[in-house]
Every structure is written in structure tokens, then in C-alpha cells.
Amino acid sequence: MAEGSEKVPIARAGPEDVEQGLPPAYTAAVPPPGPGRLLKAGATVLIAGALLLLAGAIGAFYFWKATERQVYNVHYTMSINGKVQDGSMEIDAGNNLETFKTGSGSEEAVEVHDFQIGITGIRFAGGEKCYIKAQPKARVPEVDAMTKASLSSDLEDEIMPVRFDENSLIWVAADEPIKHNGFLSPKILELCGDLPIFWLRPTYPKDKQRERREMKRNKRQSESNFDAEHRAAAAEEVNTRSTPTQLTQDLGPQSNETRPMQQESDQTLNPDNPYNQLEGEGMAFDPMLDHLGVCCIECRRSYTQCQRICEPLLGYYPWPYNYQGCRTACRIIMPCSWWVARIMGVV
């Protein structure tokens with residue numbers, strides 16, 4: 001009877017099975033999966049893949065829109081010593097960065113302004129060093145498409161003028177590189193790569209230093225003369241204050257008649273617009289903005305500012321000079337009115 005059974009035991013019941021009351025295992029014929037089950041599995045995989053692709057497309061679209069709003073590039077041309085070179089400016093409002101590139105190939109210079117930490121990084125193509133210097137901290141606001149188009153048209157229509165004075169400020173690298181770079185941002189670390197990083201210190205030629213001392217001396221003298229004249233004028237005003245009553249009466253109606261015209265002209269201008277404030281001399285800019293090269297106070301148009309980055313000569317300072325191997329890095333300088341308008345979000 002056991003030989004004619006269709007079920008063949010493949011394992012004998014062990015002691016554990018006996019204790020647990022489990023029957024011995026038998027082989028059983030498993031039917032193959034039908035085509036309907038395979039179709040369902042394939043449809044599930046296709047639907048899941050389509051949903052993943054749709055989610056990825058939506059995420060990429062929103063990421064592109066956000067990046068397009070916060071980062072934009074402007075290309076321009078400039079003439080340096082009679083040679084026309086290409087330049088570009090990239091403003092990254094999301095990371096509070098500005099990047100300037102000058103030249104191409106072995107003559108390329110890259111300058112990164114990190115307004116978050118207040119440090120500028122400079123690197124030259126083929127150079128063996130990377131340079132950093134301090135800069136003012138600021139906040140780069142987002143710029144809409146209309147402002148991008150107007151700024152691009154202003155910079156791309158003509159060759160940018162270049163200001164490069166041989167007797168101006170010179171940046172000389174320190175003798176030793178920095179030992180710790182933990183205070184630098186990822187963008188500047190990416191710019192420098194594996195190169196040693198050196199601080200830049202400002203240096204003026206000897207003739208320029210003499211001129212600066214003379215300017216400071218003349219400024220102090222002019223301020224002292226102005227104070228003396230101001231005191232004399234104040235004393236004279238006190239002595240003559242009680243006499244010109246008739247002149248005040250004659251000028252009173254005239255000033256009242258012209259006052260509505262003054263108010264009407266003021267209403268035609270937006271008092272919150274920095275450009276209008278500058279026209280009326282109602283906005284004063286810090287001279288350090290111009291000195292540090294952040295913007296130009298007296299300019300109405302942008303221009304390209306070039307600076308010399310030099311290596312220390314390790315000689316006697318300041319005669320005849322203490323630097324060598326100078327290279328040029330250029331970037332665009334905008335008017336201070338445009339700069340302040342950006343910070344205030346007007347443009």
C-alpha cells in the first residue's frame with residue numbers, strides 16, 4: 001500500500017517535528033503562473049516608472065525656475081592696453097555670490113566675491129597660488145527677468161571702458177600661505193582647489209604714498225580754515241540778525257508763491273527711488289564704497305576696473321619696490337546708485 005501511494009516523503013519526521021506535532025514534508029506539484037499574473041506585474045512596474053518620471057520632471061522644472069531666478073550671467077567685452085578681451089559676470093543671489101571672469105585660456109582670471117563671509121578669492125589660469133582678500137559684506141537680492149534684460153543690454157552693446165592706473169593700489173601676496181581654511185566658503189575652496197592660499201595686502205608705490213600724505217595734510221588745513229570761516233560767519237550773522245526785517249518781508253511772498261511749484265516737482269519723482277534721491281543730492285554714499293571698488297559714486301555708467309596682483313620681492317620696503325610678477329584681474333564696476341538700488345530691491 002505504501003508503494004502505490006502518490007505522495008512520496010522527502011524527509012522523515014524528526015524529534016522536533018514530533019514534539020511540535022508537524023506532519024512530514026511531502027512534494028506537491030506547483031502549477032506555473034498564468035499569463036494574467038505576469039501582465040498585472042508588468043502594468044504595475046510601468047505605472048510606477050511613469051509616476052517616478054513625472055515626479056522627476058516636475059521637480060526639475062521647479063528647480064530650473066528657482067535657479068533661473070537666482071542666477072544669471074552677463075557677458076561683455078573690454079579693451080585692456082589696446083587688446084579686446086571677453087569678460088563675464090555671474091550673480092548668484094541664492095548663495096550671495098558674484099563671479100567675474102576675464103580673458104580665456106592661459107590668460108583667464110577668475111574672481112569670486114562672497115558677500116556672505118566678506119572675502120574675495122582670485123585665481124589665475126596656470127598659476128601656482130590662490131589669493132584672498134577682505135571685502136565688505138552685503139546681501140545680493142534676486143533680480144527679475146526685466147532687470148536682467150536691461151542690464152544685459154547695457155553691458156553688451158559696447159566695449160566697456162577700463163580704468164587701470166599704474167600708480168593706483170597694488171595687491172601684494174603674503175610671504176606664507178594660510179594654515180587653516182575652515183573660515184572659507186565652499187565656493188572659494190572650489191575656486192582654489194589644491195593650490196596654497198595667500199592673503200593679499202594693499203600696497204601703494206612710494207610716489208603715491210607721498211601724494212596721499214600731502215592730500216591728508218591739505219585736507220586737515222582746509223578743514224581748519226573752514227572752521228575759522230564758519231565761526232566768523234556765525235558771529236556776523238548774530239550781529240546782523242535784527243536788521244534785515246524789510247528784506248525778509250519782501251522775500252516772504254515770493255517764497256510762498258514758488259512753494260507749490262516745488263511741491264509739484266517733488267510729487268513727480270518717487271522719493272523711494274535711489275536714482276531720484278541721487279539727482280536731488282539727497283543720498284550720501286560712503287567713500288569707502290568707492291575706495292574698496294564696490295561701486296563708483298560719481299559714475300552714471302558701468303566700467304571695468306583692473307587691479308594688479310603681485311608677488312612679494314622680499315626686499316627692502318618701500319625702496320625701490322617690494323613686489324614682482326604682477327598679473328591683472330578685472331571686474332565690472334556698477335554705479336553706486338545702481339548698487340544701492342539693488343540692495344534696497346528697487347531694481
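From the backbone N, Cα and C atoms, a Cβ is placed for every residue, glycine too.
Look at Swiss-Prot and you will find 240-276 tagged as compositional bias 'Polar residues'.
What Swiss-Prot records for C130-C192 (among others) is disulfide bond. Secondary structure at C192 (disulfide bond), taken from DSSP and collapsed to helix, strand or coil, is helix. Taking a C-beta cut-off of under 8 Å and a sequence gap of six or more, C192 (disulfide bond) has these contacts in its own chain: G121, R123, C130, L184.
Residues annotated as disulfide bond in Swiss-Prot, with similarity to another entry given as evidence: C295-C299 (among others). For C299 (disulfide bond), other Cβ atoms within 10 Å of its Cβ number 16.
Cβ contacts within 10 Å of C296 (disulfide bond), excluding its own Cβ and spanning all protein chains shown: 22. According to Swiss-Prot, the feature disulfide bond maps to C296-C336 (among others).
If you look up Swiss-Prot, you'll see C306-C330 (among others) marked as disulfide bond. Within 10 Å of the C-beta atom of C330 (disulfide bond) sit 23 other C-beta atoms, taking all shown protein chains into account.
According to DSSP, C326 (disulfide bond) is assigned to a strand segment. According to Swiss-Prot, the feature disulfide bond maps to C310-C326 (among others).
Per Swiss-Prot, domain 'BRICHOS' is recorded for 103-200.
If you look up Swiss-Prot, you'll see 1-29 (among others) marked as region 'Disordered'.
Positions annotated as region 'Disordered' by Swiss-Prot: 208-281 (among others).
Per Swiss-Prot, transmembrane segment is recorded for 45-65.
Secondary structure at C299 (disulfide bond), as computed by DSSP, is coil. Counting every protein chain shown, 25 other Cβ atoms lie within 10 Å of the Cβ of C130 (disulfide bond).
Around C326 (disulfide bond), taking its Cβ as the centre, 13 other Cβ atoms fall within 10 Å, counting all chains. The Cβ of C310 (disulfide bond) has 18 neighbouring Cβ atoms from other residues within 10 Å, across all protein chains displayed.
In space, C295 is the closest of the disulfide-bonded residues C295, C299, C336 to C330 (disulfide bond), judged by Cα positions. DSSP assigns C336 (disulfide bond) to a helix in the three-state reduction. Comparing CA positions across the disulfide-bonded residues C310, C326, C336, the one lying closest to C295 (disulfide bond) turns out to be C336.
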